[in-house]
Each structure stands twice: as C-alpha cells, then as structure tokens.
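So TrEMBL says this about it:
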COMPBIAS  815-826  compositional bias 'Low complexity'
COMPBIAS  851-865  compositional bias 'Polar residues'
COMPBIAS  903-925  compositional bias 'Pro residues'
DISULFID  Cys106-Cys116  disulfide bond
DISULFID  Cys209-Cys219  disulfide bond
DISULFID  Cys319-Cys329  disulfide bond
DISULFID  Cys422-Cys432  disulfide bond
DISULFID  Cys526-Cys536  disulfide bond
DISULFID  Cys633-Cys643  disulfide bond
DISULFID  Cys745-Cys755  disulfide bond
DOMAIN    37-135  domain 'SRCR'
DOMAIN    140-238  domain 'SRCR'
DOMAIN    250-348  domain 'SRCR'
DOMAIN    353-451  domain 'SRCR'
DOMAIN    457-555  domain 'SRCR'
DOMAIN    564-662  domain 'SRCR'
DOMAIN    673-776  domain 'SRCR'
REGION    814-871  region 'Disordered'
REGION    897-943  region 'Disordered'
Amino acid sequence: MLHLCPLLTIDDCGHYEDAGVVCSAPSPTLSSNSSIIRLVGSADTFQGRVEVYVDGAWGTVCDDEWDINDASVVCRQLGYTGAISAPGSASFGAGSVPIALDNVRCTGRESRLQDCESASTNDCNHNKDAGVVCAMEYSIRLVGGSNYLEGRVEVYLDGSWGTVCDDLWDLSDATVVCRQLGYGNALYARLSASFGQGSGPIKFDDVNCQGDESMLHLCQFSSTNNCRHHEDAGVVCSAPSPTLSSNSSIRLVGSGDPFRGRVEVYVDGAWGTVCDDEWDINDASVVCRQLGYTGAISAPGSASFGAGSVPIALDNVRCTGRESRLQDCESASTNNCNHNKDAGVVCASTILIRLVGGTSIREGRVEVLLNGDWGTVCDDGWGLTDAKVVCRQLGFAGALSAHSLAHFGQGTVPIAMDDVQCTGSESRLTDCSFQTSHNCDHHEDAGVICIEAGFAIRLVGGSSETQGRVEVYLNGIWGTICDDGWGLDDARVVCRQLGYSNAIRAVSSARFGQGSGDIFFNDVACTGSETSLLDCVKSTVNNCGHGEDAGVICGTSGSDTSTIRLADGYSALDGRVEVYIGGLWGTVCDDDWDLADATVVCRQLGYGDALTAPGEAFYGPGTGSIVFDEVNCRGTELTIQDCAYSTIDNCQHGEDASVSCSSSFAAYEFGKVRLVEGNSKYDGYVEIYYKQQWGTICNDQWDKTDADVVCKELGHEFAISTSDASEYDTGRSSTKPIWLDDVFCGGSETRLVYCNHGQWDSNYCSHGEDVWVKCNGAPGLVSGTTIGLVCGLVGSCILLCVCCILCCCKSKKGPANSTTAAPSTTYSQVPTGGSDPGAPPVVHYHPPQQYIHQPSQPMQPSAHQLSDAEAPPPTYELVISQPTKFPLVTGAVFEIPQQPSDPAYPPAPLPPGQNPPSAPNPAVPQPQVISNPMYLDADDVIT
C-alpha cells in the first residue's frame with residue numbers, strides 16, 4: 001500500500017505537479033476466484049460502492065447478507081483499520097458494471113474479500129449495490145524486517161506513525177498484528193528493538209491482547225509510556241494461507257557449476273524460466289540467497305546459460321533486494337519474451353548447501369560446499385533446530401523433520417561438518433557451531449525434509465470454528481495427525497497457532513470424523529510453549545489409520561471461566577453438572593468426584609456449600625461430550641476449571657456427576673481449622689470444617705510440617721509439638737466424623753486445606769489417631785517484641801544468679817588458700833536418738849555429689865583415686881562389726897546437706913535392710929555429719 005512507503009505530509013507543491021501512473025493489467029496469475037477491489041461513487045477515498053475485479057472485468061457486489069464483517073474485510077484489504085458501517089441499497093449510487101458477487105458471508109477474519117464465501121450468480125439489480133465506510137485511524141505496518149512478513153510494529157494514529165513499546169508484548173499481541181495485516185499467524189513476538197529502533201512518538205504501551213481481536217487498537221493498551229525506542233516491539237508473521245498463493249521453488253540449470261545458471265522457478269505445478277526484462281542484480285541477489293548463497297556476483301540475461309525449453313513463468317521481475325524469495329517480488333506472469341531472453345545468475349559461492357538423494361527438492365542428504373569442495377554433515381547431535389536452518393537457507397518455510405543414519409543414502413564426498421549445534425536463529429548452517437574434524441562414517445550422514453512456503457493448519461468437522469479434526473497443509477496437500485501420544489500440550493500449540501487463547505481439550509479416536517489422504521504426523525510431543533506445531537517433537541512415520549485422527553477443542557477469550565449449570569434436578573439447587581466448553585455443553589465423569597468438587601460447583605453457581613455429591617447419573621444420564629474426568633478440587637477454588645482434572649475420559653454417561661447445593665452459606669469457611677479440648681487456645685485436637693460440620697484429622701503421615709501450617713493458619717508462628725503416625729491409640733473417643741487422612745504439607749501453604757491429602761471422608765482411622773497440635777503462644781505479629789523481652793529477662797536472671805553465687809562463695813570459702821575436697825563416699829555411725837538408747841546406730845553414707853565446706857576448720861584433704869592394690873570402701877556390715885574403727889559420733893553438730901527436690905536428682909538409696917529414718921524429734925539435739933572425702937576414724941571426731 002502506498003501509505004506504507006516513506007512520505008511527507010508537508011509539501012511545497014502546486015497541482016501542476018500532480019503525479020499519475022500507467023498500470024499494467026492485473027496479474028493473470030490470480031485465479032478466477034481472485035480479485036482486485038476499489039471504492040467508487042464518493043469523493044472520499046475511505047468510502048464508496050464496492051467493486052471487485054473478477055475474470056478480467058470490474059463488477060459490483062449485491063447487498064444480500066452484506067454486513068459489517070464483510071465491510072471490515074474490504075476495508076482492511078484496502079489498507080484501512082476496519083469498517084465503520086456497511087451500507088447497502090446503492091447508498092453510493094447504482095453501478096453500471098456487471099454484478100460480480102452475491103450472498104457474501106465473511107467471518108470478519110479473512111484477509112481478502114475473495115476468501116469469503118459468496119455466490120457468483122445473483123438475483124439482484126444495481127439498486128442493491130453494497131458499499132462501505134472505512135475507519136482511517138490505527139493503520140499498521142511492519143518496518144525494518146528482511147521481508148514483508150516481519151519487522152518493527154508501527155501504528156498510524158493522530159496523523160503520524162509511531163512505534164509500540166515492548167512492555168507486556170507477547171505472542172497474543174503479535175497474532176493480532178499479523179491478522180490485521182492479512183498475514184498468517186504470528187511466529188514470534190520480538191522485543192528490544194529487534195528490527196532496529198524507530199523514531200518519532202511511541203503510540204502504545206502495555207499492550208494486552210487476548211489474541212482474538214481483529215485489530216491492535218481493540219486490545220487493552222496505554223497511550224502513555226515510560227519507554228525508549230530500544231524497547232520497540234516487533235513481530236514475525238507466517239505467510240498467508242497457502243490456498244491463496246502459489247508454492248514456488250527455484251533452481252539453476254545450464255551450467256556445470258552449482259552456483260550459476262539459468263533461473264527456473266516452480267510455479268503452479270510446473271517449472272518455468274524468467275524473462276530478463278528489468279532483470280538486475282537485486283533480482284539475482286534474491287535468487288542466490290534463496291538458494292543458500294551469500295549473494296549475487298552478476299545477473300546475466302540473453303540466455304547466457306542457454307535457452308530453456310519449459311514455459312516462461314515470470315517477466316518484469318522487480319525485487320528490492322531485501323525479499324527472501326523471488327516469488328515475494330513484484331512480477332508479471334504474462335510476457336512478450338522468448339527463450340533468447342532467459343535470465344540467469346552468478347552467485348557468490350563461498351558457502352553453498354544442497355539436498356541429495358531425496359525423492360523431491362524438499363528432502364535429502366545435507367551437503368555443504370566448503371572451500372571449494374562438497375561434503376556431508378555427520379549426524380552427531382543433529383536435530384530439528386539444525387534442520388530448520390538448512391531448510392531456511394534453501395528458501396523453504398521450515399523443517400518437517402531431521403534425519404540421521406544416512407536416511408537418504410550414504411554420501412561419497414568427504415565429511416565436512418560434525419557436532420553441529422544451531423540455536424535456530426542462524427541464516428546459514430555455517431553460522432552454527434560445528435567441528436571440521438570428525439570421528440564419523442558415511443552411515444551417519446545427516447538429512448532433512450523441508451516444508452515449502454505456506455504451512456498451515458485448520459480444524460475440520462466440528463460444530464463450531466473452535467473445534468474439529470486437526471489438519472495440516474504440507475507441500476501442497478492437506479493431511480491429518482495421528483492421536484498416538486496426543487495430549488493437551490499439543491492441543492495448546494494448535495489452538496494458539498490458530499489464534500485462540502487456549503486449548504480446552506485434546507480429542508482422539510476421530511471424534512470429529514475420519515479424514516482422508518495422508519497422515520502427516522505421529523507421536524507428537526509438544527511442551528506446550530511452542531509457537532507452531534512444526535516446532536514440536538514428532539514422527540513423520542506412522543502405523544495409524546484415520547480412525548485415530550486427532551482433534552482439539554479451543555477456547556476463545558473468557559472461555560476458561562466456562563458457564564456451568566445443573567440439569568434435570570428437582571430444583572435450581574441440584575442436578576447433573578454440565579459445563580459449557582467450546583460452544584457445547586458437556587457433562588463431568590464421577591471418577592474421584594466428592595463433596596469438595598461439588599462445593600466448588602455450588603459456589604461457582606452462587607449457592608452455599610454442597611450438601612451431597614452423588615455420582616452414577618443420579619439425575620439421569622446426559623448427552624454429548626464428557627468434558628472433565630478425575631476432577632480433584634481442594635474445595636477452595638473459585639471455579640471447577642481451577643481444579644485439577646483430566647480431559648481424557650474412559651467414562652459413559654451412566655457415570656455423570658451431580659450435586660445438591662445448600663441455599664444458604666455455611667457458618668464457617670470450607671476447610672477452616674480450629675483446636676479443641678486443649679488447655680489453652682494454643683493447643684488441642686485439630687478439627688476441620690467440611691460438609692457444614694466439624695471433624696477430625698487422622699495422623700497417618702502427619703508430622704511437624706503439617707502442624708506448622710495449622711499453627712500459621714491460626715495466627716501463630718509454629719508448632720511446638722504435635723502427634724505423629726506412631727501414635728496408634730491415644731484413648732480419645734469422639735462422635736465427630738474423621739474428615740481427612742494422609743495430609744502432606746510442603747510447609748509454604750497458608751491453609752491446611754491447600755496441602756495434599758487423601759479423599760475427604762475416606763479413611764480407616766479411629767479417634768485414637770486424631771491429630772493434636774501445640775502452637776507457640778506468641779502471635780506472629782508480636783514475635784519480635786516477645787523474643788526481645790524473653791532474652792532480656794533470661795539475661796537478667798543469669799546475671800543475678802552469678803552475683804549470688806559469687807557472694808555465697810566469698811562468705812563460705814574462708815582462707816584464700818583453702819581447697820575444695822574432691823567428692824568421695826564417706827561413712828559414719830550416728831546414734832538413732834529416741835527412747836531406745838540401745839538401738840543400733842544408723843550408718844550414714846554420703847554420695848560424692850553431697851559435700852559441703854566447713855569454714856570453721858581446715859578442709860579435709862581430697863580422697864585419692866583407688867589403685868588396684870588399695871581396698872575398696874567398707875561395707876555396711878564392716879562398719880557395724882568394727883566400732884573401734886568407726887566409732888559413734890556424739891556431742892558434735894554439723895551441717896547436713898539437703899537433697900534436691902527436683903525429680904532429676906532423687907535421694908540416695910538406703911543401704912540394704914535399712915528403713916528410712918523417722919522424723920527428728922525437735923526436743924532432742926540432732927547430730928549432723930560432715931560430708932567429707934575421708935573415713936571417720938576415732939581421731940576424726942570433733943567435740
């Protein structure tokens with residue numbers, strides 16, 4: 001379009017300088033269903049009666065079924081952003097040319113009017129001629145790319161062109177741009193001024209498209225920005241639908257060298273030459289780059305490489321030199337030439353690549369020309385990314401597959417490259433990392449199968465445009481995909497490639513009917529992040545029949561919060577669960593269906609919690625698809641689609657799931673926890689709220705991590721202690737249900753119900769296994785203050801104790817040179833006292849830890865450790881039998897050490913046969929014994 005060219009809106013001209021053109025006739029390569037379009041009958045360029053050029057003549061369009069969708073396609077085809085209105089009834093006057101089209105039915109997403117459904121016969125007159133009024137603002141263009149399908153995105157707004165900032169820029173935004181320009185789907189969303197920095201204003205920032213908008217300005221965006229031009233956004237689009245363009249390849253013939261020859265192109269199923277009218281170095285450069293060379297040295301004409309014998313396919317070729325393929329250049333397919341004017345090229349032959357041994361020009365063993373010699377590529381590390389670079393270098397749209405082990409036969413030339421590692425963005429194979437030394441044989445020669453320009457994908461056989469059997473267009477024909485390994489990640493890539501926001505279901509077993517023709521792919525294994533199905537791992541060899549054709553159900557913007565309803569119930573509060581997905585209602589299988597799942601459904605419908613969750617088609621079997629299986633909700637999700645579920649089922653409608661909802665909301669939140677029967681609010685048995693009733697939790701797999709989550713949920717910091725799985729019977733009894741078992745928390749959960757756990761109300765536990773928890777007593781919000789206070793208090797106590805000990809020691813130690821007796825067991829006889837003076841004395845023995853210091857007399861010397869030659873301490877019987885050795889101690893009062901009351905320090909055991917002494921008589925003086933490390937001899941008695 002002319003407005004995409006550089007121009008000035010300020011001029012110093014007069015009308016005597018008005019420009020004009022003389023055009024050639026429309027290109028006859030456009031088939032009979034193709035056309036050129038114009039607006040007439042108005043002084044304004046953006047509105048008028050629609051006329052199309054069909055089969056060599058202009059004609060009008062009848063307004064039968066004419067609407068805004070049809071008008072939008074016309075306006076976008078003319079370079080406007082869309083249509084304001086679609087007037088009929090010859091609003092811009094009655095035409096005088098034939099009526100070319102009737103009953104036009106566009107969806108609004110087509111890139112040209114001739115792509116819409118229409119009838120070429122009509123029952124109209126010119127009083128029904130259709131017209132349009134187009135919107136002029138928000139035109140869009142791509143600048144700075146290597147071809148028309150890529151570049152920096154620029155928008156025309158408020159009278160000037162401006163760029164788009166890459167904040168939030170992603171593939172959904174790029175898809176809208178490509179669609180608005182009439183191209184295929186977006187392949188890449190480029191950031192950081194990938195196609196060079198623009199100039200002038202930055203028109204849009206924070207663009208956030210859903211992906212199904214028809215024009216970029218219909219997406220959410222900000223007209224203010226904080227960006228610079230190094231953040232300019234760009235896109236790479238796929239080519240328009242292959243049904244609308246000729247698939248071409250190119251070759252050089254008539255020379256003994258591969259880098260020069262007569263140019264022949266493959267157009268519409270046949271090879272043809274190119275006439276040298278207007279042939280120049282720009283045209284030759286495009287041809288050479290398309291063949292994998294770095295450029296052209298010359299562009300000879302006049303059949304310099306001999307006259308061809310095939311038809312003359314192109315004339316008046318006018319390349320700018322930046323196109324990636326010759327068929328992207330302007331040209332005419334009619335000519336006034338003969339083969340004496342066949343065009344040729346001489347390419348720069350520093351680097352060359354070719355495919356050998358295949359059954360077509362698209363496939364073969366990879367051979368490269370390095371330093372004047374052809375050589376093969378070893379398959380070590382060879383993969384699809386490397387194959388893409390090869391195919392792109394040869395001018396193809398992409399790689400279908402990468403082959404190893406001499407799939408296309410063993411080469412005979414040297415092995416030129418090994419350990420090739422491409423990133424996929426290289427323009428030539430030699431730009432990739434590789435080794436020229438190798439340890440390979442020719443049975444490891446690498447090969448590729450390339451895809452000609454125009455890979456496309458479509459859905460067939462569904463009840464709406466968002467669903468159907470997946471068919472791909474490869475090398476001029478449509479084919480299907482086998483469902484081996486087909487899953488939701490694969491479906492996501494397909495749906496995104498088609499411009500939809502998400503995939504709802506991956507369908508197998510020819511659910512949308514069996515296709516015909518080739519089965520192109522098998523064992524597709526996408527990660528879900530690819531931009532094209534071609535980027536996924538897959539096999540091109542299959543053992544499938546069309547009974548295994550794969551399909552998808554795609555979601556449009558907002559479909560991921562699908563409508564939900566209850567069918568065939570006794571009231572609005574109960575019934576079979578049905579979900580609206582991809583334009584159809586479907587049921588839910590009852591595998592793993594429980595009250596938590598039902599509660600999510602009820603809350604999604606605006607009701608209270610679920611009362612029951614019946615399965616087995618309790619309210620009757622549904623019809624149509626079963627859209628969800630193995631639903632596993634925690635009970636806290638907002639919608640059923642937020643839950644875990646499978647889209648592949650093995651169910652029948654006799655297993656349809658149902659719910660019965662409460663009309664009022666529960667007194668407590670679903671899954672709430674509390675502690676009961678404890679000594680304080682910080683401890684007790686754990687109970688959880690489910691089915692509008694409190695119940696307990698079994699301690700199977702329970703540990704402190706689970707207890708920590710409970711305490712945090714209750715506003716504490718952590719659990720001090722808890723039960724564990726080893727406690728089989730605490731003796732507790734309760735009439736409450738046991739709701740949960742096998743709880744397993746990671747520790748980061750904010751609620752216990754978010755942890756993994758077994759099915760609700762499904763366990764083999766008793767209340768003797770109920771979980772109990774003791775939480776720390778300090779709420780998390782004051783923990784810092786509390787810790788500070790506790791640390792200060794403990795520090796003060798320690799300091800006070802140290803002072804007291806020092807004071808006590810100073811008062812009792814006596815002379816500074818006194819020493820502390822080492823602990824040892826001592827014995828003495830002490831009268832029992834009381835009324836029986838003849839009673840045997842009590843032998844007091846003193847364990848090593850019970851010793852005291854006597855400040856009034858010198859300390860006793862320390863007992864030494866017994867050697868093997870020394871006798872052990874005397875026994876009880878020995879003390880009694882030798883009264884002269886161990887005399888009675890009378891008339892002395894000594895300090896008695898007191899036994900600690902702490903149970904960790906029990907009193908010393910009595911000797912055998914002794915009973916505990918009776919309580920002392922306060923009227924009788926009580927003798928006391930010094931604990932010292934020496935036996936008391938007669939000389940040791942102190943009076």
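A Cβ is built for glycine as well, from the same backbone N, Cα and C atoms used for every other residue.
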In whole Å, note down how far the CA of Cys536 (disulfide bond) lies from the CA of Cys319 (disulfide bond).
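Approximately 34 Å lies between the Cα of Cys319 (disulfide bond) and that of Cys536 (disulfide bond).
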Rounded to the nearest angstrom, how far is the Cα of Cys422 (disulfide bond) from the Cα of Cys329 (disulfide bond)?
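That comes out at 29 Å between the alpha carbons.
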Measuring Cα to Cα, how many Å separate Cys526 (disulfide bond) from Cys106 (disulfide bond)?
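Approximately 33 Å lies between the Cα of Cys526 (disulfide bond) and that of Cys106 (disulfide bond).
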As a test of reading the model: what is the averaged pLDDT for the domain 'SRCR' (673-776)?
84
What is the separation, in Å, between the Cα atoms of Cys106 (disulfide bond) and Cys422 (disulfide bond)?
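Cys106 (disulfide bond) and Cys422 (disulfide bond) have their Cα atoms 43 Å apart.
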Counting by DSSP secondary structure, give me helix, strand and coil numbers for the domain 'SRCR' (564-662).
16 helix, 36 strand, 47 coil
What whole-number Å value do you get for the CA-CA distance of Cys219 (disulfide bond) and Cys536 (disulfide bond)?
29
Just to be sure I understand, if DSSP states are collapsed into helix, strand and coil, how many residues of the domain 'SRCR' (140-238) fall in each?
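Counts, helix then strand then coil: 16 helix, 39 strand, 44 coil.
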In whole Å, note down how far the CA of Cys536 (disulfide bond) lies from the CA of Cys643 (disulfide bond).
27
Report the DSSP secondary-structure composition of the domain 'SRCR' (37-135) as helix, strand and coil residue counts.
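Final tally across the stretch: 16 helix, 38 strand, 45 coil.
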What is the nearest of the disulfide-bonded residues Cys422, Cys432, Cys755 to Cys536 (disulfide bond), using the Cα of each?
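Checking each of Cys422, Cys432, Cys755 against Cys536 (disulfide bond), the shortest Cα distance is to Cys422.
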Do any of Cys209, Cys633, Cys745, Cys755 (disulfide-bonded residues) have a CA within 10 A of Cys432 (disulfide bond), and if so which?
none
Within 10 angstroms of the C-beta of Cys319 (disulfide bond), what count of other C-beta atoms is obtained when all protein chains are considered?
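Other Cβ atoms within 10 Å of Cys319 (disulfide bond): 22.
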Taking the domain 'SRCR' (457-555) as reference, which of 140-238, 250-348, 353-451, 564-662, 673-776 has the most Cβ pairs under 8 angstroms?
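By Cβ pairs under 8 Å, 564-662 leads among 140-238, 250-348, 353-451, 564-662, 673-776.
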Cα distance, Cys745 (disulfide bond) to Cys116 (disulfide bond), nearest Å?
56
Out of Cys422, Cys633, Cys745, Cys755, point to the one nearest Cys209 (disulfide bond) in space (Cα versus Cα); all of them are disulfide-bonded residues in the record.
Cys633
On the DSSP side of things, how many residues of the domain 'SRCR' (673-776) fall into helix, strand and coil, could you say?
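Counts, helix then strand then coil: 16 helix, 32 strand, 56 coil.
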Only counting partners 6 or more residues apart, tell me which same-chain residues put their Cβ under 8 Å from the Cβ of Cys422 (disulfide bond).
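Looking at Cβ-Cβ distances below 8 Å from Cys422 (disulfide bond), excluding near sequence neighbours, one finds Thr385, Asp386, Lys388, Val389, Leu429, Asp431, Cys432, Ser433.
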